[in-house]
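Here's the structure we're looking at; comments come further down.
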Amino acid sequence: EREREREREREREREREMESQAAPFIGMLMAECAQVGLIIISKQALATGMPNFVFVCYSNALASFILLCLCLFLYRTGRPPLNFSLLCWFFLLGLTGCLSQLFGYAGINYSSPTLATAMLNLVPGLTFLLAVILRMEKLDWRNLTCLAKLVGTIVSIGGAFVATLYQGPPLLSLFMPADTHLLNVLGGQSKWVLGGFFLAVDCALTSSWVIIQAVILKKYPAELIVVFFYCFFVAIQSGVVSLFVERDPSAWSLEPKLRLYSILYSAPIGSVLQVGLASWCLRRKGPVFVCMFKPLGIAITVIAGVLFFGDTLYLGSLLGITVIVLGFYSVMWGKAKENQMSHASQSSSFHSTTEKVPLLGSKVEEA
């Protein structure tokens, strides 16, 4: 009887371990689907004539309200103190994010969700490049991991140029009107290039946003509150700009209903849920695991765009996406090797010291 009980306990432990291993995979799959859904539905909302300033304002206003409720519930006690310096950092984070969203949605409006999702893979490489420029990271030509990140960044940027400047013939589409080719020749290519440029600016601003957020989290380690202030300032900044740019009151209308549905999706699911799942997986499995799922978003976008929204996959997009993904994995390989070397050096230094030091080391690793 005891042996059977032990066997049942071992089976339960195996099931719990399998669930624990599967949860981050499911979480990241849901996060990528949420982000892809945000890109696709925003494209449809902007196609109704909704200004991107107004879309950003509505979306972040609702997201900040949801996050405020969560912060009041989760940080009832033990909330880190705020000061004017932190509020200035939050404002800068919001300004960078606001510009990033405005350029991003403009790029989506002029190009396609597939190109927008592919261009997101530029962010790790551009973040590395920006960190080198700001001397937050050293560029060692003799270091293989550093070279892998540098080469991957250059390759990704080259792929972005291919996807943007060369559209090519259509490869996959369920809905192809007779005048589509003529439309592409007359004006579609110029809009596609402009959209690719806007998306590239979005990626550069997102990389800056990542670095600013890293600086803030060192000063104020409360992620949810930081994200709340970010959404709050983005809503205010985009709202102020909208009042000057969009003089027509009808620009704020949520008719047709697709505009309202896009806002109701973008705030709780496209922003709060997606960021929450990604942060949870980041804490459980690390940044390399989270970034590995980014190319999956491209496949999801292509399938959803072609099946449900009549998007067209072009040869230039396919070639550019392939090159971007290759560069992306080169950057992530370099980052993974760098993390392995860092953990190995920390482990060797811990083992060479007294028995009390590993206790401190474990706390540092957990932090």
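Using N, Cα and C of the backbone, Cβ positions are placed for all residues, glycine too.
Feature annotations, reproduced from TrEMBL:
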- 38-162: domain 'EamA' (DOMAIN)
- 21-41: transmembrane segment (TRANSMEM)
- 53-75: transmembrane segment (TRANSMEM)
- 87-108: transmembrane segment (TRANSMEM)
- 114-134: transmembrane segment (TRANSMEM)
- 146-166: transmembrane segment (TRANSMEM)
- 192-212: transmembrane segment (TRANSMEM)
- 224-245: transmembrane segment (TRANSMEM)
- 260-282: transmembrane segment (TRANSMEM)
- 289-308: transmembrane segment (TRANSMEM)
- 314-333: transmembrane segment (TRANSMEM)
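Listed stretches 21-41, 87-108, 224-245, 289-308, 314-333 were compared with the transmembrane segment (114-134); the greatest number of C-beta pairs under 8 angstroms is found for 314-333. Below 8 A, the CB atoms of the transmembrane segment (53-75) and the transmembrane segment (21-41) form no more than two pairs separated by six or more positions in the chain, fewer than 3 in all. The highest tally of CB pairs under 8 A with the transmembrane segment (146-166), across 87-108, 192-212, 289-308, 314-333, is held by 314-333. Long-range contacts of the transmembrane segment (314-333) within the same chain: residues 112, 114-115, 118-119, 121-122, 124-125, 128, 148-149, 151-171, 288, 291-292, 294-295, 298, each at least 6 residues beyond the stretch ends and with a Cβ under 8 Å from a Cβ of the stretch.
Among 21-41, 87-108, 192-212, 289-308, 87-108 has the largest number of CB pairs under 8 A with the transmembrane segment (224-245). Taken as a whole, the domain 'EamA' (38-162) shows an average pLDDT of 87 in this prediction. Long-range contacts of the transmembrane segment (192-212) within the same chain: residues 89, 92-93, 96-97, 99-101, 103-104, 106-112, 115-116, 119-120, 122-123, 126-127, 129-131, 134, 136, 160, 163-165, 167, each at least 6 residues beyond the stretch ends and with a Cβ under 8 Å from a Cβ of the stretch. Sorting the domain 'EamA' (38-162) by DSSP state (H, G, I as helix; E, B as strand; all else coil) yields 100 helix, 0 strand, 25 coil.
Here the transmembrane segment (289-308) has Cβ contacts under 8 Å with residues 24, 28-29, 31-33, 35-37, 39-40, 112-114, 116-118, 120-121, 124, 172-174, 278, 281-282, 321, 325, 328-329, 332, 335 of the same chain, all six or more residues outside its ends.
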